[in-house]
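Here's the structure, in C-alpha cells; my notes come after.
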Amino acid sequence: MTIGTESCENIVDKEKNIGPSWKIWRHKRYVVAIMAFLGFMNIYSLRINLSIAIVDMTQLKNITLDNGTTVLKKDFDWDSKIQGYVLSSFFYGYLFTQIAGGFLATKIGGTWVFSCGIASTAFFTLITPWVVKTNVYFFIVIRTIEGLCEGVTFPAIQEIWSQWAPPAEKSRLISISLSGSYLGAVVAMPMCSLIASSLGWEYIFYIFGAVGLLWYLIWIIIVASTPSKDKRINPIERKYIVDAISAVKSDKQIEVPWRRILSSTAVLANAICMTCEGWGFYTLLTFLPQMIKSLLGFDLNQVGFLAALPYLVTCLMVQVGGYLADFLLKRKYITTTQVRKLLIITGFSAQAIFLLLAGYWVSTIGTSVCLVVAVGLGGLAISGMGVVPIDIAPKFASVIYGIATTVSTLPGIISPILTGYIVTDSTNILQWRIVFYIASGIYLFGIITSFIFTSGVRQSWADKEEVIVNGNHNQSFEPTESD
C-alpha cells in the first residue's frame, strides 16, 4: 500500500519541525499517551485500593462504645479465607470482559471502551463504603461488577494505539501507557495508607472514585478516536501518523479469524507467558501489604510506602524495556522475536530467583529488597509481552490481547484464594515460602514457553483478509512482513 504523493522522509522531517518530542503538547499522540498513562494510573488505583483498605478494615482498633467503654474491635472480622475471596472477587468479572473488550473496541472504537470502563469502575468504587457495610456477599458482587467494567480497558488500549501509534514508535507509546498501571500502584498504596490512618478507610473509595470520574471528563474532551477525527491535531502530525500506519494496515472491513487465532502457537505462547506473570504479580499485589505489616512488623503508615516501592521499579523497568526494544530494533542488532524473548526471559528469571531469596533472607532489609527486585524486574517481561499482539497480527491486536488477558486473569482469581488457605498465619515465613515456591515454579514454566514459542513475526493468517463486500466474503492477501 502506498503512502501517498509526498515521500515518507519529507513527512517525517516536517513532523519533527512541530517540536521536540519532550514538548508533548505539540504532539497529539504523546498527549494521548499521557492521558492513557493517567487512565492506567486510575485503573490500578481503583483495583488495588482494597489491598490497603482491607488491612485497616480488619485490624484491631480502639473503639468507644455508647456507654463510654473502650474496647479493641475490628470493623470486619473476616478470616484469611474470606479475605482471599474478597480480594479475588474483582477478577471474577475481569475474566469475562477481556475478549468482549477487544471485540467492542474494534467495533465502536477503543477510546470510548477504554474511558467508559474506567468511569464505570470509578462509580462503583464511590458506593463501596455503603455496600461493604451492608453485606460481605453484596460487596463481593460489586467488586465483581467493577472487574467486568475494568476488564475492557487493556484490550481497548491496543485498538487505540493501532490508530494512533506510528509503527516505529509503538513499543515506546504502549510502554508509556502501560507504565501508568504501576505508577498507579506507587501513588495509590501510600496515599491509601495516609487516607486510612487520617480519615478512615471509607475515604479511600470516595477519593479514588472521584478522581476516576474527573479523568473521564478530561479524556472525552481532549482525546479523539483517530487522528483523522481529531480537530486539534497539527495537520502535519496527522498525515505522519495516518500515512505511517497505512503502510502496514488495511482499511477494509474484515472478520476476525477466530479459528486461526485460537490455534496459533504465537498467540497461545503469549497468553501462557502473561498468565505466568499474572500469578506472581497478583499474588503480591493482593497480599504484599498484609505481608509487610504482619511478617515484617511495619505499621499502616509505613505499609503503603513500602508496598509501593516494587511498582515504582516496575514502572521504570517497563519504560526501560520499551526504549531498549526500540533501540535494538532500530539498530537491527537482533530480530523482533529475539527482542521479545530477551525481555520476557530476563524478567521471569529475575522474578523467580528473587522470590526464592525472599523466602530465606528473612530480615526487614533482605526481604524488602528481594520483593522490590522480584516485582520490579517483571517490568521487562511486561514490556516484551505487551507488544507481541501488534507484532504478530496488528489488525487483530485488541482481540489477541483480550484473549491473553482473559487467560492471565485466572491467577487473579485462584492465587488470592489459594494464598488465603496456605497462609493462615501471616507471621509464619514457612507458609509464605510455599507461596514463593509456587510462583517461582510458574515463572520457570514461562521461561521455557517463551524460549521455545514466543514470536514477534507477523503471522501468515494476520495478512489474509476475509473482506466483507455487500454481505459476501471474498479473500484477499497482503504480503507477509518479516521480523
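Note: Cβ is positioned from N, Cα and C throughout, glycine not excepted.
Database features, via TrEMBL:
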DOMAIN    31-458  domain 'Major facilitator superfamily (MFS) profile'
TRANSMEM  30-55  transmembrane segment
TRANSMEM  82-105  transmembrane segment
TRANSMEM  112-131  transmembrane segment
TRANSMEM  173-197  transmembrane segment
TRANSMEM  203-224  transmembrane segment
TRANSMEM  267-288  transmembrane segment
TRANSMEM  308-329  transmembrane segment
TRANSMEM  341-359  transmembrane segment
TRANSMEM  365-387  transmembrane segment
TRANSMEM  399-422  transmembrane segment
TRANSMEM  434-454  transmembrane segment
For the transmembrane segment (30-55): best-contacting stretch of 112-131, 308-329, 341-359, by Cβ pairs under 8 Å: 112-131
Stretch with greatest number of CB pairs under 8 Å, the transmembrane segment (434-454) reference, 82-105, 112-131, 203-224, 341-359 candidates: 341-359
Predicted model, mean pLDDT over the domain 'Major facilitator superfamily (MFS) profile' (31-458): 87
Cβ-Cβ under 8 Å with the transmembrane segment (203-224): same-chain residues at least 6 beyond its ends: 31-32, 35, 38-39, 42, 45-46, 49, 52-53, 111, 115-116, 118-119, 121-129, 188, 191-192, 195-196, 230-233
Cβ pairs under 8 Å between the transmembrane segment (308-329) and the transmembrane segment (173-197), at least three: yes
Intrachain neighbours beyond the transmembrane segment (365-387), with Cβ under 8 angstroms and 6 or more residues off its ends: 170-171, 174-175, 178-179, 182, 270, 273-274, 277, 280-281, 284, 288, 292, 295-296, 306, 309-322, 325, 339-348, 350-351, 353-355, 357-358, 404, 446, 454, 456
Non-local residues, at least 6 beyond the ends, that sit with Cβ under 8 Å of the transmembrane segment (399-422): 80-85, 87-88, 90-92, 94-96, 98-103, 106, 151, 154-155, 158, 256, 261-262, 267, 270-272, 274-275, 277-279, 281-283, 286-287, 385, 389, 392-393, 431, 434-435, 438
